[in-house]
Every structure is written in C-alpha cells, then in structure tokens.
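Reading through the structure tokens given below for one structure.
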Amino acid sequence: MTKLGRRNDGGGKSHRSSTKRQRRTSVSVDDPSPGEEEEKTLVVLTDDSDSEEDDKPLGDVLRTCRKRRVSSPKSVTLPNSNVLECPNCFDPLKKPIFQCNNGHLACFLCCIKLKKRCSFCKLPIGDVRCRAMEKVIKAGLVSCSNAIYGCKQSTTYGNQLQSHEKVCVFAPCSCPIKDCNYIGFYKDLINHFRATHKVSPGDINSFVFDRPVIFGLDLDSSDKMVIFVEEKQGNLFVVQGFIGSHGVYATVSHIAPMVPEVRKFSCSLARLRPYSTLRLGLEVKNIQKLRSQEEQPQEDFLLIPSYMVNGDHMKMEISIGDKNDYTHI
C-alpha cells in the first residue's frame, strides 16, 4: 500500500507542496482584514508559480512578500516647519540632535546652555542622540522663503537653507515711494513703479551708464530724493539727501539685494555751483529698503558743507558705472 500511495501521488514533494498550498489558501480566506487579505493573496500567487519558494517556510515567504509591497510615498509635506525647530531656542534643528528619556528634543547648543538638563522635565539630556529626527532633517527639502517672489530653489533644512537665503537674488525689495507697501523681486520693481504710481516724466530721471546726468535735489520735500532708471536694463537708483549739522549728506543707492549675483556699481556725484564744484567717487550700496530721514548715513556719502547749500534746491550731477569705474584712480 505504501508503494501504491507513492505511485498515485507522483512523489513525496508534490504531496507536501499541495498540502502547503491548501493551508496557505485557507489562511487568506479566513482573515477578513483587507490589509492581510492582500498579503495572503500575494502568497497564493507566489505558490502557484514554479519558483524555489515552494520549499521555503511560510514565514520566509511572508517576509519576501512584504518587501514586494508598494513602497512608501517619496515626498511628505509638512503644513508647518516649526516641528523642525529646536523647542528651546527655536532655531532650525541640525546635527547633533539630543533627546531625554521622555523624548524631548534639544539642539547641541541648548544642551550646553541648559547644562544637560531638559527644559521640560529636568531629566538629563545631551548623551542620547535622536537619530530619527536627524534623518528627517538630512532628507528634508524646504523651499526658500523667497519662493513667493520667484525663487525656485529648495535646500535641506537648517544651515544650507540659511546659507542660500543669505545670497538669494530673489530677496524682497521695497518700492522707494513713500507709503507704498509693494515688496517684490528687484527686477520687477520698475514695472510696478511705472504702472502703479503714474509718475510724470520729470519725477523719474532716465540715464545711460557712464553718461553724466545733471539733476536737481529739493531739500524742502519730505522724502528729499531723486529716482533714476537706467534706460536699457531698468536698474533703479535713488539719490537721497540728509540734512545734518555740518551740511547735507548725499547718498546713492541701488534698489537690489546685497548678494554676489547682483551687479555692483560706483558713481561720480557732484554738487555744481557757478564758480565751484564738489565731486566725489562713491561705491553705490545695494539696499532692499530706503533709509528713513532719521537715519543719517555713516559711510559712502558726499558731505556738502553748509556754505555750499544755498536755499532748498541744489544743482547736482551724477554718472553711474561698474563697481571700480569711479572709486579707483
């Protein structure tokens, strides 16, 4: 009878494989859980193939199928980046990140300041690293804060983000017109200026680089400034006058962020009188917002002495060029 059983089965291995298929199929039917039903179904499909997994234990096959399941999402969006800040100093978290036994976090500098005592529960902190959060910080990408002004750069959270924003060419610049709240990319500023403020031709002085322009600076106006627009490239410059105890301090500014990618300029600024001229070569500062009249400049200005200030109107001349054109002899 033993021989007949072997002859009818066609071999012991086939009998064991059949039993294994029946046992696994019954498990997939008995469990009503959707997640596990999907997993058991995968096992059944694997068993019906001719692969070598017929001889593997059920536990090994289940583990193999789990690895074949659909991977997790490639990106995650955080509604608020505050979760990536140190809860003590509120600076961006960066390696190393430490945690106490209750799971409270602290950056390296805060651990030193707190003398390795958690600020929330007073337990020791500073010896156990929070590797999970360090991985999140390392893998996370954050958009530049200037994205609303056109920047498309994304960097890892922490030091790299701060480093990028310090040199981002899309850093916002304010319109030089008083009481205007417009803020935007510096190359868009001139379009806003012309479209919104409807200024008359005399209020904007057009010029070409390295060509002198004669203009008047009125000291009786509230803003005491003159705006210049370069005809070809549209760069926006402002000459401001600040009245001080020794005379008038005249400055020249380029409305743009102070970053390496933005072109740097210098200028020749002169006070013209019938029988005398006061001239100075100046470095033109890039600024994102004009100084108020209360902020007297400390550097890079032409001081026009009181004896050369006659009345409220001064005749002046300016020529603007590249960074070293007017500051090096």
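Each residue's number is its place along the chain shown, starting with 1.
Each Cβ is built from the backbone N, Cα and C atoms, and glycine gets one as well.
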Based on Swiss-Prot, name the residue from C144, C175 that is recorded for the same Zn(2+) 1 site as C151, H164, C168.
C144
According to Swiss-Prot, which stretch among 139-198, 199-258 corresponds to the feature zinc finger?
139-198
Would you mind listing the long-range same-chain contacts of the zinc finger (86-122), meaning Cβ under 8 Å and 6+ residues beyond its ends?
128-130, 133-134, 137-138, 157-159, 161-162
Setting C175, C180, H192, H197 aside, what same-chain residues sit with their Cβ within 8 Å of the center of the Cβ atoms that define the Zn(2+) 2 site, listed in sequence order?
P176, I177, Y182, L189, F193, T196
Rounded to a whole number, how many Å is the Cα of H164 (Zn(2+) 1 binding site) away from the Cα of C175 (Zn(2+) 2 binding site)?
24
Note the Cβ centroid of C144, C151, H164, C168, the recorded Zn(2+) 1 site, then list each other residue of that chain whose Cβ lies within 8 Å of it, in sequence.
S145, N146, A147, Q153, T155, E165, V169, F170, A171
DSSP secondary structure for H192 (Zn(2+) 2 binding site), reduced to helix/strand/coil, please.
helix
C144 (Zn(2+) 1 binding site) versus C180 (Zn(2+) 2 binding site) - Cα distance in angstrom
25
